[in-house]
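Noted in TrEMBL for the protein shown:
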type	residues	note
TRANSMEM	6-26	transmembrane segment
TRANSMEM	73-93	transmembrane segment
TRANSMEM	127-145	transmembrane segment
TRANSMEM	152-171	transmembrane segment
TRANSMEM	191-209	transmembrane segment
DOMAIN	194-314	domain '3-oxo-5-alpha-steroid 4-dehydrogenase C-terminal'
Amino acid sequence: RAGAMGAVLGTAWALLAGAFLVALLLSRRAPVRRPGGGVVSGLFQDLIRYGKTKRGCRQRPAWLRLLQVPKRWFTHFYVVSVLWNGFLLIWLFQAKFFGGSLPSWIQHLQSTFGRDSQSKDMGNEHFSALLVLMLLWLHSCRRLAECLWTSVFSNGVIHIVQYGFGLAYYIAVGSTVLCQVPANIRNGEELSVQISWCHIVGVVLYIWASLHQHRCLVILANLRKSKSGKIVSLSHSVPFGDWFERISCPHYFAEFLIYVSMAITLGFRNMTWWCVVMYVLFNQALAAVLCHEFYQENFSSYPEHRKAFIPFVF
């Protein structure tokens, strides 16, 4: 039964990934620039766009404008992630290194959506899951710091549904990592630490992608600052430098690579986490395509060679 329930978790992420793939395909087939496109079309565009890309939604009904919050509330996502995933990390670290026991509700969560208790512990999966949870928490800490001290948010907005979804996402993704801990070592047994090549490759890719994501976010922030660091504008400009020379949204591409690095750290064979990676791929691709269209439509001299999301490909 536990194995069947574990498959439900992967299926849920796969369905979520499929939903964003459909949204991506529909956004390519149904341009938003036509006024009076109908209530359904307007609601769809309002749900997939945020920030600067929402400016293309002309003549939005007043009731839609009421269901929006400032884009700067993105910061709340990382506050929730730092607190929740930090909490999970502390409990798992204590249980595996010091022989403590996890709270009963966490054990219930693992037994419901986790690995089959009869499954073999293939190598060092328990340490891999702990390492990935730590990487996820560090990623959230960095993004929170960037939101607070690096990024310069404009007066853009996001839909209240997007806001609620973002809060739930960071709780769900951390819980998903926790459920990848093999069931046969959840009862306070000592954690053996065996560094494998997957851990090394995964962490190196994680660091590389994180550094580039940070550099690109600094480039975006500096477009609105003077040389002294003072904010002088909230308008949008064309970014240059680092991965911006190849794609319009390198920070989204880096986000995708960060989740790929976690899949590698888990040892490649964790299908549940690859479903998470597919969700991140289509989610970030959708956002990148909409941003790419914004740049092309608002800057006549925008570099033609730039792709939206993946260098040389898409």
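Including glycine, each Cβ sits where the backbone N, Cα and C put it.
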> How many helix, strand and coil residues does the domain '3-oxo-5-alpha-steroid 4-dehydrogenase C-terminal' (194-314) contain under DSSP?
Replying inline: 74 helix, 4 strand, 43 coil
>> Below 8 angstroms Cβ to Cβ, which residues of this chain, lying six or more residues outside the transmembrane segment (127-145), approach it?
In response: 75, 78-79, 81-82, 85-86, 88-89, 92-93, 96, 170, 173-174, 177-178, 180-181, 191-194, 198-199, 202-203, 206, 210, 214, 258, 261-262, 265-267, 273
